[in-house]
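Copied over from TrEMBL:
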- 9-313: domain 'Adenosine deaminase' (DOMAIN)
- His14, His16, His194, Asp275: Zn(2+) binding site (BINDING)
- Glu197: active site, proton donor (ACT_SITE)
- His218: site 'Important for catalytic activity' (SITE)
- Asp276: substrate binding site (BINDING)
Amino acid sequence: MYDWLNALPKAELHLHLEGSLEPELLFALAERNKIALPWNDVETLRAAYAFNNLQEFLDLYYQGADVLRTEQDFYDLTWAYLQRCKAQNVIHTEPFFDPQTHTDRGIPFEVVLDGITRALKDGREQLGIGSGLILSFLRHLSEEEAHTTLDQALPFRDAFVAVGLDSSEMGHPPSKFQRVFDRARSEGFLTVAHAGEEGPPEYIWEALDLLKIQRIDHGVRAIEDERLMQRIIDEQIPLTVCPLSNTKLRVFDHMGQHNILDMLERGVKVTVNSDDPAYFGGYVTENFHALHTHLGMTEDQARRLAQNSLDARLIKA
Ligand SMILES: Nc1ncnc2[nH]cnc12
Ligand SMILES: [Zn+2]
C-alpha cells in the first residue's frame, strides 16, 4: 500500500518550510554558519522531538530555525523539501514560510524570500512541481508587527499567492488580525489561517467570517460544532488536515481516534498534509500510510483525499 500511496498524484497544501528542516541539514547549516548547537548530534536532537502540545513543539521549531542565515540556506531548505515532493509524487505544493521568525533575528526579508523563490522556480523548471508561496503571520506577535511584515512583502507581491496565520493558537484568535487581513485582501492576496487545531470552533467561525479565508488549516475541532460542519460541507471549504502532526502534538492521543475519514464520509473537503515533516515523523505519503494502518483507509478514500488536494489548490496549474 505504501508504494501505491506514494505513486498517487497529490498536492500538499499545509507545509511549513521551516518545519521541513531535517536534523542532518540543521547540523550541516550550523557548521557552515559556525553556530554552536545545544545538542551533541543528530540522534540527540531527534530524541528531543517528543511533544505534549503545540507550544512545546514551537519552542524547538523556532530554535531550529536559527541555523538559517543566508540566501543559500533558504534555497537548500526549500530544495531538499522539493526533492521529497518529487520522490512522493507531490505534483503541486503551496508551502508557508514565517518571515518574522527570521526578520526578528536580523535576517533581511529579501534574503529569506530570494532563497525560497529561487528554489521554487528550479522546482518548477527542473522537477515539474507547481507551487504557490504563502506568507504566514505569527499570531503570538502583535497585529502591528504583522502590518510591518505585510509592508515588507508588498514590493514582492508576485512572489506570493496568499497570506496565512500560524504559531500559538490559544489566546490569539483570528479577530486579532482582522485589519491586516483586510489590508492583505485589498492588496490582492488570498487568505488562509490555522484554526481549530488546538483552538475552539469559534476560532474557525472567526477565520471564515472575519479573515474571509479560502481554506482552513487543520480545522479538526470543527466536528464539535454541528452548525459549523454544515457550513463547511455546504460551502465545500477545504480543510488542510495533518494527521501525524495532530497525534505528535496530542490533538488526538492516537491515530485510531483521528476524525479525518469521518469528515471525508460526511462530505467535508478534507486533504492530507505533513505540516512539519522533519519534526512529526514523515512527509505526505507517511501521513496517508498512517491513515491506512490505523484507520483502515481504503484505496477509494485515498483517491478522494488526493483529488480533494488537487481541487483545493489556490493556483490551478
Ligand atoms: N502545526 C502548527 N500550528 C501552528 N503553527 C505552526 N507553525 C508550524 N507548525 C505549526
Ligand atoms: Zn501548520
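Cβ atoms here come from the backbone N, Cα and C positions, even for glycine.
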Segment-level pLDDT (mean, integer) for the domain 'Adenosine deaminase' (9-313) = 98
Looking at the recorded positions Glu197, His218, Asp276, which have a C-beta within less than 6 Å of some atom in ligand 2?
-> none
Scan His14, His16, His218 for recorded positions whose C-beta lands under 6 Å from an atom of ligand 1 and note them, or write none.
-> His16
Sorted by sequence, non-His14, His16, His194, Asp275 residues with Cβ within 8 Å of centre, Zn(2+) = Leu15, Gly19, Phe96, Asp166, Asp217, His218, Thr240, Cys242, Ser245, Asn273, Asp276
Starting from the Cα of Glu197 (active site, proton donor), work out which of the recorded positions (His16, His218, Asp275) are within 10 Å.
-> His218
Ranked by how many other Cβ atoms lie within 10 Å of their Cβ, the recorded positions Glu197, Asp275, Asp276 are led by Asp275
Students should find that the Cα atoms of His194 (Zn(2+) binding site) and the residue listed as 'substrate binding site' sit apart, in Å rounded to an integer, by 14
Hey, what's the Cβ neighbour count for His16 (Zn(2+) binding site) at 10 Å?
-> 27
If you count the other Cβ atoms within 10 Å of each Cβ, which of the recorded positions His194, His218 comes out on top?
-> His194
Of His14, His16, His218, the recorded positions lying within 10 angstroms (C-alpha) of Asp276 (substrate binding site) are His14, His16
Including all protein chains shown, what's the count of other C-beta atoms within 10 A of the C-beta of His14 (Zn(2+) binding site)?
-> 30
